[in-house]
Amino acid sequence: MGGLQDNIENIGGCNLRVSICIVALNEERYLPGILEDVLRQTYLHDKTEILLIDSKSTDNTKKIMIDFSIKYQDNYWQIRVLDNAGQRQANGWNVALENYRGEAIIRIDAHAHIPIDFVEKNIECLKRGERVCGGRRPCIAEEDTFSSRLLLSAESAMFGSGISNFRNSEKSGYVKSIFHGCYRREVFDKVGRFDERLGRTEDNDIHQRIRAAGYKIFMDKDIVSYQYVRPTLWKMFKQKFMNGYWIGKTVYINPKCLSAYYFAPLVFIIMLFGSLLVSTLGCVWPLMMLMIAYGSVIILSTFCSVWERKDIRFIAVGLICFMMHICYGWGTLRGLFKL
């Protein structure tokens, strides 16, 4: 660590005090990795506060946090371990907002990986005049196995979840939302806290409120962080269902924060089951038209995955994308009608 700390003294003018916040629930598998990434950051350690917030974990998550704080306390401005009694991410982020002492705060997921210059580049962006910034957030696989690469291909496919600007965009510019964002203190002082009624859409909500307050959200293509894709099909499908479920519930809380494409899977399953019902009455052309349109896009997405990987086994990407859409759409339906 000494070599890194000696080098960072030469970063010109990057002297903002920054708070790095990690909220975790049962993340003993991923937490050591992201903490190692934090240790390797090139930004001034004596200007860095680390807030580790445990959401009532039942594994070794809190112990890992405490051990880290004891071992590295003298290397940083300060390290604190806090408790999130509410368990949800929104509650955890609010614990951070009520306790952080920096001039800026960076939110990082436990499931993430960040390059060594991640914090430094975010601070440089703030110093150029931005108030909220971040970068690209492509997905990566935890292991180099076929199943992991297959799930990564499905997650990254344009017809999977890869449509979001913050995932892979190669252009800098202003966006509606950002992942692993960096925020000036004044932003939350003006906008307020995260809405604790929300389970997975708290980012959409807070960013819509930030924009409504007159701030812009800047995505710098040179800033990048990575998110680990879910390691199994079951966990991926469960994630999509819960994401969809909270889209449905958010309609009743802050519909303005939701983009139209979030409802595409819901529209698809309504059309699918509607056309299936009509087909039982002898009218099959709606089902045929839907299958031709949807199937064409699925086939194209699958072909791209097979071509990119040079492996015919990636033909399964199409089926996984189909199941992702079903899970997401069904979740949205459940959330909308509180089933």
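Heads up, the Cβ atoms here are built off N, Cα and C, so glycines get one too.
Since the structure is predicted, the reported quantities are computational estimates derived from the model, not experimental observations.
Listed features, source TrEMBL:
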DOMAIN    19-190  domain 'Glycosyltransferase 2-like'
TRANSMEM  259-278  transmembrane segment
TRANSMEM  284-307  transmembrane segment
TRANSMEM  314-333  transmembrane segment
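Outside the transmembrane segment (314-333), and at least 6 residues removed from its termini, the chain residues within Cβ reach (under 8 Å) are 149-151, 153-154, 157, 159-161, 233, 236-238, 240-248, 262-270, 298-299, 301-302, 305-306, 308, 339. This prediction places the mean pLDDT of the domain 'Glycosyltransferase 2-like' (19-190) at 93.
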